[in-house]
């Protein structure tokens, strides 16, 4: 049997004993007397234990024990001062207290630590590890929002003004009550009403400006994240897009980026507003009555503990309800889907009983959920009413002693009603921020992903012959590395010649075209262009010299001109029309209402299939490439358009690779390559 690790507890006792010895000696004489000295002693003790245990790497075991251990005594003595009067509260020091007091302190702290551990939900250690990872994501989001810092500062400024106005309204409400309850002063009454209206209008205006700044910040962050993510996606290798579903990428670009952009402004708004509200409200409450202010904090630990217990049980019952509803749905699907079998065996009543039992389980779980909710609300309400009764009792005593007025007590009660929700927000906001930042993890993983591509090439010669050589080229797709598509291909494509690549479906013809465009990297061998590896050429230069027309051309929403000149930095209209004429696309373009500026619709939806094919060929010809790849593109062309393409080929010494099925295209080729199962089967010179 493995013994538990006692090092954290031994270290805690030794370090605490050393700190108490220091606080009992010369260091303790420097501390003030009374409650301030007691709180300062507890703070120094907490800081010392925290720092020394963290230095030794033992904080994670006993970290939650330190807070009740060090601050239980100051809190207890402070509460005694509130109930019995400050003059009779014992100004004790933990360092000079008897050992029995220390044992009681350790026992109470250990009991609270054990209770907290029992109430912790299962998987707390894994959750802590997730929060560590989320902290890294949180800091990355903050850095990503750095350009919007001026807007956030402006939003914080308006936030402070809005909160200040909201906080001052109850103050002047109390002034109005005091004026109406005493000797009526018209000038003082008018002044109080004026300031109430002024601060109401000012807080509303400031709140609107605050919301505008945060909303504008969200839109800027959203655009920045989407731009960076889209830029990163376009740089990825094609293997990434084969492994990742398009719907998932759309989800990251739309919903996840929106969640990321909303994270900082919304959480900063809630956090800063709650923080300023708590500071402002407690400032006013302390100015009215310090004793009532401390009493208002009495129910906070109990409320937080009750909420922790409720949330743990609530999450558990929600999971059980989800499972029970799924089981009930499964009964319905099985019965309806196999209705013929149910009737053939006369099992209708049996299925009804099964469904009734499943519904009964759901009903019991719903009842348990509602009962626990009611008990939780009852506990919160009883705690809240108990503290309010205690405060009203103390407030009445202070009014009788002349320390408070009716208006001051009313203002204090208004402040106390709203401050509790802001304190709870501050307690839970950090955990919520860490939990909600998880949407950024996948987005950042895409942005950080390095494409499986060689280093960018730099070759961009002024002249290019267009000699293409495949030297013992083999290839397998990244998602299927054990299934090679090409196996040791060796052939040459020469300028001025048309090479026909034929073979059955799945033989690797389109893969040859993809390798020639440097869309994939061979797993073996080399693809050479003018005796240089094709990966050494500069990206834009290569794709201006090696151009492909696919079997199913892809057009983009926009004008005819934009689609033909797609990817070119500058292209004159005359050059666009010349390419369209060479592809026999000028006839239908001239018949359009706006000519080359006519919108083709999404994916070219306004065009026929043959028209799309001609625009795709014009898009290739406008670049005047040295190497042209026709991936079964001629199959959608008529004879006249195909003849125009042959005329374009005959006007220069270009290298043309045609992936074809038509006999007419093969007969006009200078060279025929036959692929079958990734191997070159036949090489015929015509």
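Every residue, even glycine, has its Cβ placed from backbone N, Cα and C.
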Between the candidate ranges 246-266, 267-287, 330-350, 351-371, where does Swiss-Prot place the transmembrane segment annotation?
267-287
When Swiss-Prot marks a stretch as transmembrane segment, which of 123-143, 375-395 is it?
375-395
If you compare the topological domain names in Swiss-Prot, are residue 94 and residue 227 on one side of the membrane?
no
Among the residue ranges 188-208, 209-229, I'd like the one that Swiss-Prot describes as transmembrane segment.
188-208
Is the transmembrane segment (409-429) in contact with the transmembrane segment (294-314), using three or more Cβ pairs under 8 angstroms as the rule and ignoring pairs under 6 apart in sequence?
yes
Chain residues outside the transmembrane segment (188-208) and at least six past its termini with a C-beta under 8 angstroms from it:
158-159, 161-166, 168-169, 172-173, 175-176, 179-180
Summary of DSSP states over the topological domain 'Cytoplasmic' (315-374), given as helix, strand and coil counts:
56 helix, 0 strand, 4 coil
